[in-house]
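A.B. asks: Take this structure, written in structure tokens, and hold onto it; I'll ask about it next.
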Amino acid sequence: MEQGTDSAAARRMARVASHLCPPTSQMEEVAILKGSNCRAKGAAPGFKVAVLGASGGIGQPLSLLMKMNPLVSVLHLYDVVNTPGVTADISHMNTGAVVRGFLGQPQLESALTGMDLVIIPAGIPRKPGMTRDDLFNINAGIVRTLCEGIAKCCPNAIVNVISNPVNSTVPIAAEVFKKAGTYYPKRLLGVTTLDVVRANTFVGEVLGLDPRDVNVPVVGGHAGVTILPLLSQVNPPCSFTSEEISYLTSRIQNGGTEVVEAKAGAGSATLSMAYAAAKFADACLRGLRGDAGIVECSYIASQVTELPFFASKVRLGRSGVEEVLPLGPLNEFERAGLEKAKGELAESIHKGVAFANK
């Protein structure tokens, strides 16, 4: 009995010592953080979640928020740089999820194997003067590579795409999965929650309400005029002047630019995006758990319009998207906005499909 106690104590001390001895390279640090040297064995019951791009401006706060989520039992953090440090930092939080870090392309498959939910914030951020399309050539390639790994290692996972331009990267992901024979439209979701979060906040400001009590459906896409807040369907029901409608619609559509310009070259909307992504991921996990009545907006394969992809309200469940809800009645201003949004969306979708098939 005493020998067994000594052996267990020795293992514990070795684990502590491995963290106290500074590694000479990032790859050594990853080795320290993997497997039995991870914080704990036997995670709390829950879901396995991977964040791809965990060291970036969105990825770091998103990883922190996912570590705080009680529905997450295992959290895999992947990036091409700096993952060991982020992993070590977040792994010290006294929440239930076991954290493991993965560094670089050779470890992508290990990061993805067995995951229930994969969140993709990977890519470069917007800078002043850049549009989301300026990001396309770099981020499109990143998303394609990551989705090839998903198709191979966790084809049944729910995939949340954050990497911009979402209007194009979701179609790219779909094409990658089609080629691999692992395309399940209900499990591929573009994250547009930040548009809803902004809409709720800005409408709450105008009405003098707590934004947590406001719900604004935002449909269309996730860039500029493709972002269409349905202010006629705000809950609680209310009315706006034409000036308020114009102001709110413009501010919601240009919320990302507002942050990029305010940061003056120091980044884009990373913190609010991480919050919105964690909020949406939590909704997906609650759906996987079997909770009822979970409705969020998301950019998905859709028949709501003639376009193959469109953001609208969806009901989430065990298989991902259980139901795509109709747009509901639109006023004249919203109908005009919808036509404008569809024109730009069609171009973005085509651009994504063409990239994936070239």
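Glycine is treated like the rest: Cβ placed from N, Cα and C.
Quick paste of what TrEMBL says about this protein:
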type	residues	note
ACT_SITE	HIS222	active site, proton acceptor
BINDING	GLY53, ALA54, SER55, GLY56, GLY57, ILE58, GLY59, ASP79, ASN139, ILE162, SER163, ASN164, MET273	NAD(+) binding site
BINDING	ARG126, ARG132, ASN164, ARG198	substrate binding site
DOMAIN	48-190	domain 'Lactate/malate dehydrogenase N-terminal'
DOMAIN	192-355	domain 'Lactate/malate dehydrogenase C-terminal'
A.B. asks: For the NAD(+) site as recorded (GLY53, ALA54, SER55, GLY56, GLY57, ILE58, GLY59, ASP79, ASN139, ILE162, SER163, ASN164, MET273), determine the largest distance between any two Cα atoms, in Å, rounded to the nearest integer.
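C.D. replies: Output for NAD(+) binders GLY53, ALA54, SER55, GLY56, GLY57, ILE58, GLY59, ASP79, ASN139, ILE162, SER163, ASN164, MET273: max Cα distance 18 Å.
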A.B. asks: Please report the distance from the Cα of SER55 (NAD(+) binding site) to the Cα of ASN164 (substrate binding site), rounded to the nearest angstrom.
C.D. replies: 17
A.B. asks: Could you give me the DSSP helix, strand and coil counts for the domain 'Lactate/malate dehydrogenase N-terminal' (48-190)?
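C.D. replies: Helix (H, G, I), strand (E, B), coil: 66 helix, 30 strand, 47 coil.
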A.B. asks: Which one is it: of the binding-site residues GLY53, GLY57, ARG198, whose Cα lies the shortest distance from the Cα of the residue listed as 'active site, proton acceptor'?
C.D. replies: ARG198
A.B. asks: How big is the Cα-to-Cα gap, in Å, between ASN139 (NAD(+) binding site) and ASN164 (substrate binding site)?
C.D. replies: 7
A.B. asks: Across all chains shown, how many C-beta atoms besides its own are within 10 angstroms of the C-beta of MET273 (NAD(+) binding site)?
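C.D. replies: So the Cβ neighbour count for MET273 (NAD(+) binding site) comes to 24.
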A.B. asks: Using Cα coordinates, what distance in whole Å links SER163 (NAD(+) binding site) and ARG198 (substrate binding site)?
C.D. replies: 18
A.B. asks: Among all protein chains shown, how many Cβ atoms are found within 10 Å of the Cβ of ASN164 (substrate binding site), not counting that one?
C.D. replies: 27
A.B. asks: For GLY53 (NAD(+) binding site) and ASN164 (substrate binding site), what Cα-Cα distance in Å is obtained after rounding to a whole number?
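C.D. replies: So the alpha carbons of GLY53 (NAD(+) binding site) and ASN164 (substrate binding site) sit roughly 13 Å from each other.
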A.B. asks: Hey, which of the recorded positions ARG198, HIS222 is the loneliest by Cβ count within 10 Å?
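C.D. replies: Counting other Cβ atoms within 10 Å of each of the recorded positions ARG198, HIS222 gives the minimum at ARG198.
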A.B. asks: Are there any residues in the same chain, six or more apart in sequence, whose C-beta is under 8 angstroms from the C-beta of GLY57 (NAD(+) binding site), and if so which?
C.D. replies: PRO125, GLY267, SER268, THR270
A.B. asks: Per residue, counting other C-beta atoms within 10 angstroms of the C-beta, which of the binding-site residues SER55, ASN139, SER163 reaches the highest number?
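C.D. replies: When each Cβ's neighbours within 10 Å are tallied, SER163 tops the list.
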A.B. asks: Whole-number Å only: compute the distance from the Cα of GLY59 (NAD(+) binding site) to the Cα of ASN164 (substrate binding site).
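C.D. replies: Checking the Cα atoms of GLY59 (NAD(+) binding site) and ASN164 (substrate binding site) gives a distance of 14 Å.
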A.B. asks: Counting other Cβ atoms within 10 Å of each residue's Cβ, which of the binding-site residues GLY53, GLY59 comes out lowest?
C.D. replies: GLY53
